[in-house]
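Features of the protein shown, as given by Swiss-Prot:
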COMPBIAS  38-52  compositional bias 'Basic and acidic residues'
COMPBIAS  338-351  compositional bias 'Basic and acidic residues'
COMPBIAS  789-802  compositional bias 'Basic and acidic residues'
REGION    1-57  region 'Disordered'
REGION    332-373  region 'Disordered'
REGION    780-802  region 'Disordered'
TOPO_DOM  1-85  topological domain 'Lumenal'
TOPO_DOM  131-195  topological domain 'Lumenal'
TOPO_DOM  217-223  topological domain 'Cytoplasmic'
TOPO_DOM  245-277  topological domain 'Lumenal'
TOPO_DOM  322-392  topological domain 'Lumenal'
TOPO_DOM  436-462  topological domain 'Lumenal'
TOPO_DOM  484-491  topological domain 'Cytoplasmic'
TOPO_DOM  513-571  topological domain 'Lumenal'
TOPO_DOM  593-962  topological domain 'Cytoplasmic'
TRANSMEM  86-106  transmembrane segment
TRANSMEM  110-130  transmembrane segment
TRANSMEM  196-216  transmembrane segment
TRANSMEM  224-244  transmembrane segment
TRANSMEM  278-298  transmembrane segment
TRANSMEM  301-321  transmembrane segment
TRANSMEM  393-413  transmembrane segment
TRANSMEM  415-435  transmembrane segment
TRANSMEM  463-483  transmembrane segment
TRANSMEM  492-512  transmembrane segment
TRANSMEM  572-592  transmembrane segment
């Protein structure tokens, strides 16, 4: 019987639940796009029956008469009976008589053969007829060739008796709104086909029930309670099966029940609720629950196995017959797009590509987008040993297989295999979950690849490989552990050994089918959590298995794990199953659910189809109780989330404090192992004669043109804070008494590193310059020294002038900290750490680049502004060396940048704080110019833009202010 809700169709169709479409007047012209109007109503209210119009393949439109279901026609005394009904009932009676007449020893094999024959007539016979009708219109052609429905009065019908017999049979069954002579040949052929189907289906079910009766017995030593439980469970399954069939017929009517769309199409409003919201393919999935209920009541493995065989044959019928017809009828490929006229393309205006750059200005790289990637070489379902991921999976699995086979099943090895499976499950759920959580919150995974100059697509490919390897290895380790814990039963007939294996295998098959259904619904993109990586316009759809369950992986997705528990009958496997289920639920609740709520918000569906169906069937008292339980659970979850949210900042603050303290300790560590050298005798040196003043390039915010305004900052500017540009040279002017030591030196320190103003206790780590040449045995001490011991007069506080020595030095390059913070210079005496003078504190800061304040160019791009802002910073990072630093954005960096990584490290630090993008130093070397680096920054900002917290005034959707 046709399942009207089985196909994951992308267009409107009989088998797809869609929203109700507005009614239109039915005319032959409007029936051309008939299937586009075959809508379904999500509500459970059944409207009064309306006239249904049908259309044949040649376009003939006719009124479809109302027909009754098979069981009512055959068994209801109020329904008129004809010869075909009597024939069907007689054959059913022969089955009953045969069961009574056969000896007990022959009943089981005979009825097994009879049932399998009728099942073959169903799945193979009817399947072949439908296949031929779908592809070649065979049944209609047979009827036309035999002229079965041609009036004998025309002289063209060679079988007048058969004509009158068929006419009487059909008109007896359809007394209203039906004319045998005027009905299309497709409709009459379908009615005759129905009678054949009635015979096969009734005999199929009857022979199955009689086979179960023949096999029925009571197990030895079965207690009354077990017998009561067995029969009550079996009857419940049979009643549930009966409800499924009746509800399905109520929804789909005879048209879908008897595969009417193989003959003609109809236009009607169907109500797909009830059973069609509970499970996919309900006629072929939960619609066979009664078979297993009968098997349970019969207490026979023979009935169970023949039920499984019949169920499998029915799924084969679905896959080989129905689904191809559904795809062909309701999911036809779209018409080919029209090819653009070449003449039109030649006349396209050059300026039509407003977002393109000149070829000489654009680096030879493609811009990765933020839309969903097109999968041309899927990772799931295709094995390619040219790919690292597939080869790694193969090698690891071969290693697992070999290690599992060669090691004995001793307790220590079993423990190791279970431990290995547990660790892989923890990584697969907790480790992968942490990566996705950080990706959802900060896009950390993507940022890592952007840091090394890669794009979003590379991050996506690497993530696919990691996830695929983790998933397959997790299950491979679980299978290996199950193999080690499994022992063959010594007596298959003892206890529930066979049942455990059958149920376990069924659960494993259920998990495999669930995984396939999830992948079919989500595709490669959804399978690998693509919405964590790509910012498409959020559009949530519920198709395939997700029409019935919100999270199928919560239960059905782990059915095979519990199947392994049943098969192995091991407590260790129970532990692994509980661990797997707990971690999977935690993954859904803590990772998937928050991301889905953030991404889709209120468009998330609260109840799936199955939950809706169950809730509608509950009494009001249970509904209220269920609502109270849901409220308690929601409040508990909210409380836990609130506690976590409250504790997170404190934990983060504690971690940050620990990191800062540790960092400061490392900064101070050289001083802890170095004895501070102090000058014991400072007599004759007046501290008032020592002084330090600083000059540097003052930092200003970027102006509207994208550049920077630079001024010289003097120490005489009063109380105004000094803020210097990152990497810019800093000039220091010092004064000291004429008799100052020739081994005096000036060091650069962070203000927070020294608590004492008399003694320096922290090493300068090479950031110092001597006041005089030749005073130290190191040439680096003189780098930056400009002048020394220049006599000048200084005005004292008492107004008296005195002669002092002065000098200048410039701190640049390696003499700078290349960090942000507040710094100071300290003047030290005679090569020791006595502090004679301290400069005014000043701050080194990197200005944030705000693209909202930068006007776009003619192409809507901010890259020129980024180039202008980046150029002076890069020049500073390259020491303003004419052999290394570029003079403009197009000029390449000097070769020294490739040889010494310190230059690239300075640049990436500046870029990170300036634009909020972290690159690896290798990116700077690879780009080789400011222009290419600016392009990469634009590209990275485009990739990371969806995760930016700042409002943009660019070309994105405007945000309405309150």
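Any Cβ shown, glycine's included, is placed from N, Cα and C.
The average pLDDT the prediction assigns to the topological domain 'Lumenal' (322-392) is 57.
With a threshold of 8 Å between CB atoms, the same-chain residues lying at least 6 positions outside the transmembrane segment (224-244) that come near it are 218, 275, 282-283, 286-297, 299. Helix, strand and coil counts under DSSP for the topological domain 'Lumenal' (131-195) come to 43 helix, 0 strand, 22 coil. It is 415-435 that, among the stretches 110-130, 301-321, 415-435, 492-512, 572-592, forms the most Cβ pairs under 8 Å with the transmembrane segment (463-483). Remark: the transmembrane segment (572-592) makes no contact with the transmembrane segment (301-321), by the rule of 3 or more CB pairs under 8 A.
Sequence-distant contacts of the topological domain 'Cytoplasmic' (217-223) (same chain, six or more residues past either end, CB-CB distance under 8 Å): 230, 298-300. Here the transmembrane segment (492-512) has Cβ contacts under 8 Å with residues 301, 304-305, 308, 556-567, 569 of the same chain, all six or more residues outside its ends. Tertiary neighbourhood of the topological domain 'Cytoplasmic' (484-491): same-chain residues 404, 407, 409, 413-414, 417-418, 497, 567-568, 570, 572-573, selected by CB-CB distance under 8 Å and a gap of 6+ residues from either end.
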